[in-house]
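J.: Shown below is the structure under consideration.
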Amino acid sequence: MASQQFDSPQSAAAHDAPAGAHWLAATDPVREKIRAAAQSVRDTTPLAQSVTNFVTVNFVANAQLAAGGTAAMSYLPDDVLATAQLCHASYINVGTLQPYYREAFPQIAEGFRKLGHPWVLDPVAAGIGETRSAILMAFRDNPPAVVRGNASEIITLTRMWGLDSDDPDGADASANRPQGVESVDGVDAARDAAIRLARFIGGAVAVSGEVDLVTDGERVFRLAGGSAYMTKITGAGCSLGGVVGTYLAVSDPLTAALGASALYNVAGSAADARAKGPGSFQVEFLDALWNTTPQQIANGLIAVED
Ligand SMILES: Nc1ncnc2c1ncn2[C@@H]1O[C@H](COP(=O)(O)OP(=O)(O)O)[C@@H](O)[C@H]1O
Ligand SMILES: Cc1ncsc1CCOP(=O)(O)O
Ligand SMILES: [Mg+2]
């Protein structure tokens, strides 16, 4: 699949930045924070625990390992909260639900808050089903440091939490929303929702798509790269959430969201150039996660809105 690779932010200057944004300068402190976080991941192999769906659990763990971290998957509240005391960040993904999750997930989120433990939420398929909606609503009281999702999930969660100015009651949270785990909206459609959500949680929101959007509620970044093959394998988004967790274990929420997204874009582009289809893409992608250097991640195609 056609894609482009760039070696340095300077080479990005030869290409158009996303509309309404300009490429982040090579000397911008944000790039140095990303490089330092990536280096810290490589140096310290941080554990980020995951409570994640059964479809992509293996890919999440392998991606965290290939990105330089370590993985531990856990599902029972006492086990999750005990593990949280051994690591610096966790990841919750609501993709596949079990009956006990309705009580367990709110307990876990409350426990994280009491521990002061930062976590990443992937609100997979937000808006589908009463159980998923009840769980996501409960997280409003004990919110994550980072929300990572596709555009439809971010729009739906923001609406559900009553943060959408057009729908302050969240009454219509499930109307016309995801028809499954895939997005039915473009990233631009989630821009305002992402900003509101980031301000509410006091952290960062990452909206994935062809060009990703990351915001801390003040600045809005756009990250290009990646591969169309990422939409043809399962778990690109889920594993990105896990790797945000890996970065969150060593950095602040905005740097974690930017660093993991930049890594996925650089590694996705590199893998795209070698892949022959979705199967070989997965293998090439894990290799590329492993082989991408902190400086290459910091040099990614990162723009900031004017
Ligand atoms: N068309 C595309 N071109 C390049 N990269 C993409 C494309 N679509 C998604 N990605 C990348 O795939 C990863 C997962 O994003 P996405 O597919 O939106 O998540 P989800 O699987 O949760 O819907 C992100 O790193 C994103 O940048
Ligand atoms: C197919 C599927 N069904 C429930 S969770 C899941 C995985 C979704 O993975 P991703 O959002 O990363 O594509
Ligand atoms: Mg997803």
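Placed from the backbone N, Cα and C atoms, the Cβ positions cover glycine too.
Note: TrEMBL annotation is automatic and uncurated.
Residues annotated as substrate binding site in TrEMBL: M73, G235. Annotation comment: TrEMBL describes R148, S208 as ATP binding site.
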J.: Among M73, R148, S208, G235, the binding-site residues in the record, which have a C-beta under 6 A from ligand 1?
T.: S208
J.: Any idea what the Cα distance is from M73 (substrate binding site) over to S208 (ATP binding site), rounded to a whole Å?
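T.: S208 (ATP binding site) has its Cα 23 Å from the Cα of M73 (substrate binding site).
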J.: Under 8 Å Cβ to Cβ from G235 (substrate binding site), same chain, six or more residues apart: give me those in sequence order, or none if nothing qualifies.
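T.: Those within reach of G235 (substrate binding site), by Cβ under 8 Å and sequence separation of 6 or more, are V55, T56, F59, V60, A63.
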J.: Name the secondary structure element type, per DSSP in three states, that contains M73 (substrate binding site).
T.: strand
J.: Check the binding-site residues M73, R148 for other C-beta atoms within 10 angstroms of each C-beta and report the one with the most.
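T.: For the binding-site residues M73, R148, the Cβ with the most other Cβ atoms within 10 Å is R148.
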J.: Using a Cβ-Cβ cut-off under 8 angstroms and a sequence gap of six or more, which residues of the chain neighbour S208 (ATP binding site)?
T.: R148, G149, N150, V187, A236, G237, L240, S261
J.: What binding-site residues in M73, R148, S208 place CB under 6 Å from ligand 2?
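T.: Among the binding-site residues listed, not one has its Cβ under 6 Å from ligand 2.
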J.: Would you identify the secondary structure of R148 (ATP binding site) according to DSSP, in three states?
T.: strand
J.: Would you mind pulling the DSSP three-state label for G235 (substrate binding site)?
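T.: The residue in question, G235 (substrate binding site), is coil (DSSP, three-state).
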